[in-house]
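S.K.: Straight out of Swiss-Prot:
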- VAL88, GLU89, SER90, HIS233, GLU234: substrate binding site (BINDING)
- SER90, LYS91, ARG262, GLY263: NADPH binding site (BINDING)
- CYS194: active site, thioimide intermediate (ACT_SITE)
- ASP201: active site, proton donor (ACT_SITE)
Amino acid sequence: MANYQNATELSKLTLGKSTQYCSEYTADLLQGVPRSLNRDDLALNQSNLPFVGEDVWYGYELSWLNGKGKPVVAVAEFRFACTSDNIVESKSFKLYLNSFNQTRFSSIKDVEKVLTKDLSKIAGSEASVNLFGVDHCPALDIAKKSDKCICIDGEDISIDNYQYDPQLLATAQDERSGSQIEEYLVSHLLKSNCLITNQPDWASIYIHYRGKAIDHSSLLKYLISFRQHNEFHEQCVERIYCDLQQFCQLDELTIFARYTRRGGLDINPFRSSHIEQAPFARTLRQ
């Protein structure tokens, strides 16, 4: 359980509370969560983060009316820099997007401008918004598995700890190689729970690193220990990044978690020691 679950900033959220749906554009529905809540807990300095990256969201339930009242639908891609002040709370994001349903816009560019303005304001940093027709969206292509990507889910492990335990990484420095290696790993077994509602969050997590070899069994046990942990998607990924660097002291590290969608949105946090922009990599479960 996160140490900041009872923070005042969280008690103000509509998440976990009964709400009414609004079908007329309402920017005030958006709510933000300070990134500092999690980062203070990790002893991270917002002005000197140990990583770069972004949060990439895809919205599959966005619709509005054109100037003649005819419905228009689109798939939306939203990108927020990890240096922004706030993450966007997902329920408020869903309610906000729903408020476009009965609102008229002259063009898709007008919708993009409104989304960019509102989301940049709530995030505290410039947001990137791209809208695609459902037949012309790069996000809809399922990424092919790289031959270099190793799935660690087949490790024959015994486990009875489903509470977050970073000490499981204490033995993760594999002695099979004294020299540096480069590996691209994936696990589809990451599950955590919403900090407020306790709803399950499911993800495939990709870990690309260069350094001394990481023991796959220890890493898998560590990832599974998030199974009963309550924290937002972005916060879990930053915790994983920091833990891996603390225990494994890697020269390069990139983590990309692809969460399954809820309420028409999927969230995909990307953190890296050296790469700022996440790739297109939609998984089968998204």
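Glycine is no exception: its Cβ is also placed from the backbone N, Cα and C atoms.
Bear in mind that the values here come from a model prediction, so they are computed numbers and not experimental data.
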S.K.: So among LYS91, CYS194, ARG262, all listed as recorded positions, which is physically nearest to HIS233 (substrate binding site)? Use the C-alpha atoms.
M.R.: CYS194
S.K.: Round to the nearest Å and give the CA-to-CA distance linking GLU89 (substrate binding site) with ARG262 (NADPH binding site).
M.R.: 13
S.K.: Including all protein chains shown, what's the count of other C-beta atoms within 10 A of the C-beta of GLU234 (substrate binding site)?
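M.R.: If we count other Cβ atoms within 10 Å of GLU234 (substrate binding site), we arrive at 24.
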S.K.: To which of the recorded positions VAL88, CYS194 does the lowest count of other Cβ atoms within 10 Å belong?
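M.R.: Result for the recorded positions VAL88, CYS194: minimum number of other Cβ atoms within 10 Å at CYS194.
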S.K.: Considering only the recorded positions VAL88, SER90, LYS91, CYS194, ARG262, GLY263, which fall within 10 Å of ASP201 (active site, proton donor) when distances are taken between Cα atoms?
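M.R.: Of everything listed, what lies within 10 Å of ASP201 (active site, proton donor) (Cα to Cα) is CYS194, ARG262.
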S.K.: Sort the recorded positions VAL88, SER90, CYS194, GLU234 by C-alpha distance from GLY263 (NADPH binding site) and give me just the closest.
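M.R.: Given the candidates VAL88, SER90, CYS194, GLU234, the nearest one is SER90.
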S.K.: Using the alpha carbons only, what distance in Å do you get between GLU234 (substrate binding site) and the residue listed as 'active site, thioimide intermediate' once rounded?
M.R.: 11
S.K.: Could you tally the C-beta atoms, other than its own, that fall within 10 angstroms of the C-beta of the residue listed as 'active site, proton donor'?
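M.R.: Around the residue listed as 'active site, proton donor', other Cβ atoms within 10 Å: 23.
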S.K.: Around the NADPH site recorded as SER90, LYS91, ARG262, GLY263, what other same-chain residues have a C-beta within 8 angstroms of the site's C-beta center?
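M.R.: Other same-chain residues with Cβ inside the cutoff are PHE93, LYS94, GLY264, LEU265.
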S.K.: Determine which residues of this chain, when VAL88, GLU89, SER90, HIS233, GLU234 are set aside, have a Cβ within 8 Å of the centroid of the substrate site's Cβ atoms, and list them as they appear in the sequence.
M.R.: VAL33, ASP55, ILE87, PHE93, PHE232, ILE267
S.K.: In which DSSP state, out of helix, strand and coil, do we find GLY263 (NADPH binding site)?
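M.R.: Looking at the DSSP assignment, GLY263 (NADPH binding site) belongs to neither helix nor strand, so coil.
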S.K.: Considering each pair of residues in VAL88, GLU89, SER90, HIS233, GLU234, all listed as binding substrate, report the largest CA to CA distance in Å, no decimals.
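M.R.: Output for substrate binders VAL88, GLU89, SER90, HIS233, GLU234: max Cα distance 11 Å.
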S.K.: Counting other Cβ atoms within 10 Å, pick out the least crowded of the binding-site residues LYS91, HIS233, ARG262.
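M.R.: Comparing Cβ neighbours within 10 Å for the binding-site residues LYS91, HIS233, ARG262, ARG262 has the fewest.
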S.K.: Which entry in the list of binding-site residues, SER90, GLY263, has its Cβ near the fewest other Cβ atoms, using 10 Å as the limit?
M.R.: GLY263
